[in-house]
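Pulled from Swiss-Prot:
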BINDING   R79, R104, D131, P132, M133, L134, A135, T136, G137, G138, S139, D200  5-phospho-alpha-D-ribose 1-diphosphate binding site
BINDING   I194, G199, D200, A201  uracil binding site
Amino acid sequence: MGNVFVFDHPLIQHKLTYIRDKNTGTKEFRELVDEVAMLMAFEITRDLPVKEVNVDTPVTTAPSKVLAGKKLGLVPILRAGLGMVDGVRKLIPAAKVGHVGLYRDPETFKPVEYYVKLPNDIEEREIIVIDPMLATGGSANDAIAAIKKRGAKNIRLMCLIAAPEGVEVVKEAHPDVDIYLAAMDERLDDHGYIIPGLGDAGDRLFGTK
């Protein structure tokens, strides 16, 4: 069964407070999301394998460690997931980036797929699926399914916030996928929105309504 990790690092929680604040403007919101994504990436990559090497310093030769060649891929769910990609890439600049486009039908709350573009060698990569909000779990489920269908075997899901209902849906459908969060919120309301939430992440990132 996939694990759920909620990061309680003080910097993440401090910045998340201002991300939630309805008075935070688009520019600051975008910058805060970028910063939290970078901090979360630091935690998510904590278990990456390393290998021993020797490096020549200006003084002598020192035993050191480098990443053991593990390939990573980032797959934001369009469009809100785009707001977190640059923050992650600051720590993992060599990661390839794919995209999955989904929108939520306002009547059924179910996701509709309209775009999928992934790295050609996705089956060789550990994939981090990125979406700021995990609400009903439908979009994450469909995105993960689309990625698995194209050959990915190792997948993690990274979100700023989630509702317990959405987490359970993803865990049931994809028990092999670990979920990483900055916060677990209380619940979904009758319209499928996360409470207390942070509003519509895509609109707040891109200044749209």
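A Cβ is built for glycine as well, from the same backbone N, Cα and C atoms used for every other residue.
Rounded to the nearest whole angstrom, the C-alpha distance between M133 (5-phospho-alpha-D-ribose 1-diphosphate binding site) and A201 (uracil binding site) is 7. For the 5-phospho-alpha-D-ribose 1-diphosphate site listed in the record, the two most distant Cα atoms among R79, R104, D131, P132, M133, L134, A135, T136, G137, G138, S139, D200 lie 17 Å apart. The two recorded residues A201 (uracil binding site) and A135 (5-phospho-alpha-D-ribose 1-diphosphate binding site) have their Cα atoms spaced 12 Å from each other. Closest in space to A135 (5-phospho-alpha-D-ribose 1-diphosphate binding site), of the binding-site residues given as I194, G199, D200, is I194, taking the CA atom of each residue. DSSP assigns S139 (5-phospho-alpha-D-ribose 1-diphosphate binding site) to a helical segment in the three-state reduction. Most Cβ neighbours within 10 Å, among the binding-site residues G137, G199: G137 holds that distinction in the structure as shown. DSSP gives A201 (uracil binding site) a helix state.
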